[in-house]
Amino acid sequence: MDHFNFINGHLHVEQVDVSAIVEQHGSPVYLYSAQTLKNHYAVLQNAFSALAPLICFSVKSCSNLSVLKLLVDQGSGLDVVSGGELYRALMAGVTADKIVFAGVGKSHEEISYAVDVGVFLFNVESEAELLRLDAVASAAGKRVKVAIRVNPDVVDAGTHEKTATGGRQTKFGIPIERAYELFTPKRYASVDVVGIHIHLGSPIPSAHTYLSALDKIEEMVNRLQAADCPIEFINIGGGFPAQYSTESNPVCSLTETGSHICGRLQELKRLGLRFIIEPGRSISANAGVLLTTVEYIKQGWDRKIAIVDAGMNVLLRPTLYGANHVIWPTRFGDFSGHWTALSESVREAGAAPLEEVDIVGPICETGDHFALGRPLPVLEDASLLAIFSCGAYGMSMASQYNSRGRPPEVLVEGAHAKLIRRRETHDDLIAHERCGLENT
Ligand code: LLP
């Protein structure tokens, strides 16, 4: 369901040959397909249609204003986790009544900002935060709605330990048993506690993990309703699947996940509850690729090494999580789609010999690699490579480490490519430090 295809052996995003993007904007560069973003939004909407949830795209997964605006134009709301993300969301044109504000450590300033603009719902993660929010809202003379993020103590075995958030050992949410008393009606002056929020981790490969958590949430709703606590919303969070390897069709598993969750929540829907989801990667991951160019090939002691012009500062996921992204040269072979590119059938097809190579970046760290011993067509200096499924947590986690400017971002729609963020310059690298050199 994405729009990255090899046409006559050359990788295209929608109707644009990706090499043309590099000619115009240089390398490395992040490239997004507008149609893919729209498709994934629609697939998700369909998958969850039985619940008709408010979809709040998770800004942290892909924060570029133009991407946010595109999704807002599709009807999406936005999930933000900081004052900066809230600012971005508003700049992208979303109305405050479609913004949910999550995060374990909202500052006084961030809470005031969100109260002032009137966000739809605060996902609150501690009693102390609730008291702070109540005080800020009271001072501003406003009433705010809150969902309590509960920690259901449910962990998906397939989630990386650094992105599992539903377990008791993490900092996230409030243990269910402790959360009950926060729902007591009229306990706060300016806060209405009307929802329950969970986010189990990212990604959550198994729908059963959601179902285990939802069992506990359903029990909680029953108990709260029996105690006359007015529960209006269940926010299921994000973590829905995207495609990173060659194994399965992402849209199927997204659809399956949606239908399992919808099936499980029908009873609560009948009781009049409304639903929110906060998808990030399931919309954006497969809508973006990172293009990077081989600077040098060298022979190590026992391995071939290709040094490319993007490093862990540009794409951190492989270094941080050992994430495995499909990598393939942009001008090699006439494959029907990149998901088959690493499969045995391609090797057997004898399209060309593959050889194992380490794909590494230029950063001065041993962990700065995108793949080790990866079977790829024989690479040369200046080969252009596509690293797939980089639309989520790619650019949004990029840094200037080693004083390397962040790359540009380009959004393609049909035959039209638009620069949506320019490459950072040397001057950008020092812009915030000039003050230190000024005479006072
Ligand atoms: N809602 C909340 C409260 C979250 O914390 C997150 C992600 C999401 C929604 C969206 O999750 P998604 O649908 O994108 O999986 N940097 C990691 C992922 C960290 C996710 C943080 N929270 C990665 O590159 O995989």
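Every residue gets a Cβ built from N, Cα and C, even glycine.
Keep in mind it's a predicted model, so treat the numbers as computed, not measured.
The domain 'Orn/DAP/Arg decarboxylase 2 N-terminal' annotation in TrEMBL covers 38-285.
Spatially close to K60 (N6-(pyridoxal phosphate)lysine) yet at least six residues away along the chain are V81, E85, G280, Y393, S396, judged by Cβ distances under 8 angstroms. Marked as N6-(pyridoxal phosphate)lysine by TrEMBL: K60.
Around the Cβ of R281 (pyridoxal 5'-phosphate binding site), 26 further Cβ atoms fall within 10 Å across all displayed protein chains. According to TrEMBL, the feature pyridoxal 5'-phosphate binding site maps to G239, E278, P279, G280, R281, Y393.
According to TrEMBL, the substrate binding site annotation covers R281, R317, Y321, E365, Y393. The Cβ of Y321 (substrate binding site) lies under 8 Å from the Cβ of H160, K162, T163, each on the same chain and at least six residues away in sequence.
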G239 (pyridoxal 5'-phosphate binding site) to R317 (substrate binding site) - Cα separation in whole Å: 16
Chain-mates of G239, E278, P279, G280, R281, Y393 with C-beta within 8 Å of site centroid, pyridoxal 5'-phosphate: S58, S61, S202, P203, G238, F240, S282, I283, S284, A392
Which of E278, E365, the listed binding-site residues, has fewest other Cβ atoms within 10 Å: E365
C-alpha spacing of E365 (substrate binding site) relative to R281 (pyridoxal 5'-phosphate binding site), in angstrom: 27
Lowest local Cβ density (other Cβ within 10 Å) among binding-site residues: G239, P279, G280: G280
Residue pair P279 (pyridoxal 5'-phosphate binding site), E365 (substrate binding site) - Cα distance, angstrom, rounded: 32
